[in-house]
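Visitor: My structure is below; once you've seen it, I'll send some questions.
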Amino acid sequence: MDYKVQVGVQSHLEMGPLDDRTMEDLDDECLFPSEMDAQKTQSVDPNQHISVPGSLPFNGNKMTRNGVYKSIKTVVFSNKLNLLMPFGPLAILVHKMTDSSGWVFFLSLLGITPLAERLGYATEQLAFFTGPTVGGLLNATFGNATELIISIYALKSGMKRVVQLSLLGSILSNMLLVLGCALFCGGLVYHGKEQVFSKATAVVNSGLLLMAVMGLLFPAVLHYTHTERIVGKSELALSRFSSCVMLLAYAAYLVFQLKSQTDLYVPLGEEVNQNGENLDNNDDDEDEAPEISKWESIIWLAIMTAWISILSDYLVDTIEGASDAWDVPIAFISVILLPIIGNAAEHASAIMFAMKDKLDISLGVAIGSSTQISMFGIPFCVVIGWMMGQEMDLNFQLFETATLFITVIVVAFFLQEGTSNYFKGLMLILCYLIVAASFFVHEDPPTDDQSKQPGT
């Protein structure tokens, strides 16, 4: 401070009287010229680097490295579940060194688990930049990417039955286990009241699920009643026609949801309660800020999808060997184990939103994902199989079709009131345990289709 006073006195002698100005004003007046002089001195020194626009490329590499390190730290090292990621390369190594299909399948399953969760995380980050409507669609699409990738690889290998069972298991897992856990956890947190959600969303999704059951039911009935006009071809033709109709219905549903009735469907729009009050507040906005940029999200989506595709190939190749080694039916592995891994992202996000009293979003994740698998995933695989020359049809057999039909009816009854509590969630979880036990003791009857598969 003595140096500043000395400079101030010198400025007073040079500039005249101080008038009514305070010492703080004089301090500021003296400091600014000193800083400007220092900048002028630095600008003429050729040995020093200064921060001017021309120097940005010089520091660009360092900024890029810092950005990459921060992105990797956020995506890879921020979740304890990512400790399972090394099991993916380990599965490939075991496959190259040994012939143990059971271990390769188990390690691949563990390796895919964190990738499926991180795929959902990257999708949620990208949704911040696309808006809530498109973001909800992206979340449902990439949330089911793991099941679709596994199904395409299985279809390429001629394993039509694995495709059918894994997609069916994804629907059952989302409707019973994921939704049940969300309702149960949300009910425990808010045990003093009943949580509410939009009945409009539940009604429309239940209708679409019943339409999907219809599409699966008629080919099965046609097959088991032996009433085909052309044996072996009518069933396949009906399946392909129904698949095209279901894809058209799902496209119309998207247009209806995204364009016509955006204010009616809360999970993909603004978060409001049934009284029209906005549930968002400043704290939620701060908590839900994006952690990575738009292009980082896209790059991580591509990386995770590619890595899941590689592990899915090993998973599909060893599923039959794992079934024999563990003495577990392929139906149980396909319907129960694979969907639980693939639905890791939906499971975590649905529970998280339910515990925040945002049950509409939980419903959109669980039921919306089931709707997309049934109205888009299954028909899409039929069309892809058609293009590949594989006779993929909608005949899921009577046991599986009946299970889906009863599940849709049960969930529709639970959701018809528009309210939820932990008891409803517990009932759905117990229903899933019954389904899991049923598929553990169930074995597919031998059919002509199985005799056409490679290796049988």
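Each Cβ is built from the backbone N, Cα and C atoms, and glycine gets one as well.
Owing to the predicted nature of the structure, the values given are computational and were not obtained by experimental measurement.
So TrEMBL lists the following for this protein:
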{"type": "TRANSMEM", "residues": "100-116", "note": "transmembrane segment"}
{"type": "DOMAIN", "residues": "102-258", "note": "domain 'Sodium/calcium exchanger membrane region'"}
{"type": "TRANSMEM", "residues": "136-155", "note": "transmembrane segment"}
{"type": "TRANSMEM", "residues": "167-190", "note": "transmembrane segment"}
{"type": "TRANSMEM", "residues": "202-225", "note": "transmembrane segment"}
{"type": "TRANSMEM", "residues": "237-256", "note": "transmembrane segment"}
{"type": "DOMAIN", "residues": "297-439", "note": "domain 'Sodium/calcium exchanger membrane region'"}
{"type": "TRANSMEM", "residues": "328-355", "note": "transmembrane segment"}
{"type": "TRANSMEM", "residues": "361-386", "note": "transmembrane segment"}
{"type": "TRANSMEM", "residues": "398-416", "note": "transmembrane segment"}
{"type": "TRANSMEM", "residues": "422-442", "note": "transmembrane segment"}
Visitor: Same chain only, please: residues at least 6 beyond the ends of the transmembrane segment (398-416) with a C-beta under 8 Å from a C-beta of the stretch. Say none if there are none.
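Guide: Counting only partners 6 or more residues beyond its ends, the transmembrane segment (398-416) has Cβ contacts under 8 Å with 164-165, 168, 171-172, 175-176, 179, 197, 199, 202-203, 206, 209-210, 213, 216-217, 220, 224, 335, 363, 367, 424, 427-428, 431, 435, 438, 442.
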Visitor: Give residue numbers and ranges for long-range contacts of the transmembrane segment (361-386): same chain, 6 or more residues beyond its ends, CB-CB under 8 A.
Guide: 136, 139-141, 143-144, 147-148, 151-152, 155, 160, 163, 167, 170-171, 174-175, 178-179, 182-183, 186, 197-198, 201-202, 205-206, 208-209, 211-213, 215-216, 239-240, 242-244, 246-247, 249-250, 253, 265-268, 271, 343, 346, 349-351, 353-354, 392-394, 411, 415
Visitor: Can we call the transmembrane segment (100-116) and the transmembrane segment (328-355) in contact, meaning three or more C-beta pairs below 8 angstroms at a sequence separation of 6+?
Guide: yes
Visitor: Cβ under 8 Å, sequence separation of at least 6 from the ends of the transmembrane segment (328-355): give me the contacting residues as numbers and ranges.
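Guide: For the transmembrane segment (328-355), the sequence-distant neighbours (Cβ-Cβ under 8 Å, at least 6 residues beyond its ends) are 81, 109, 112-114, 116-117, 119-121, 123-124, 139, 143-144, 146-147, 150, 161-162, 165-166, 168-170, 172-174, 177-179, 181-183, 185-186, 189, 195, 315, 319-320, 322, 361-362, 365-366, 369, 400, 435-436, 439-440, 442-444.
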Visitor: Let me spell it out: take the transmembrane segment (202-225), skip the flanking residues so only those 6+ beyond its ends count, and list any with a Cβ under 8 Å from a Cβ in it.
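Guide: Distant Cβ neighbours of the transmembrane segment (202-225) are 171, 175, 234-235, 238-239, 242-243, 245-246, 249-250, 253, 265, 363, 367-368, 370-371, 374-375, 378-379, 393-398, 401, 404-405, 408, 411-412, 415-416, 418.
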Visitor: Give the residue counts of the domain 'Sodium/calcium exchanger membrane region' (297-439) per reduced DSSP state, in the order helix, strand, coil.
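Guide: Within the domain 'Sodium/calcium exchanger membrane region' (297-439) the tally stands at 120 helix, 2 strand, 21 coil.
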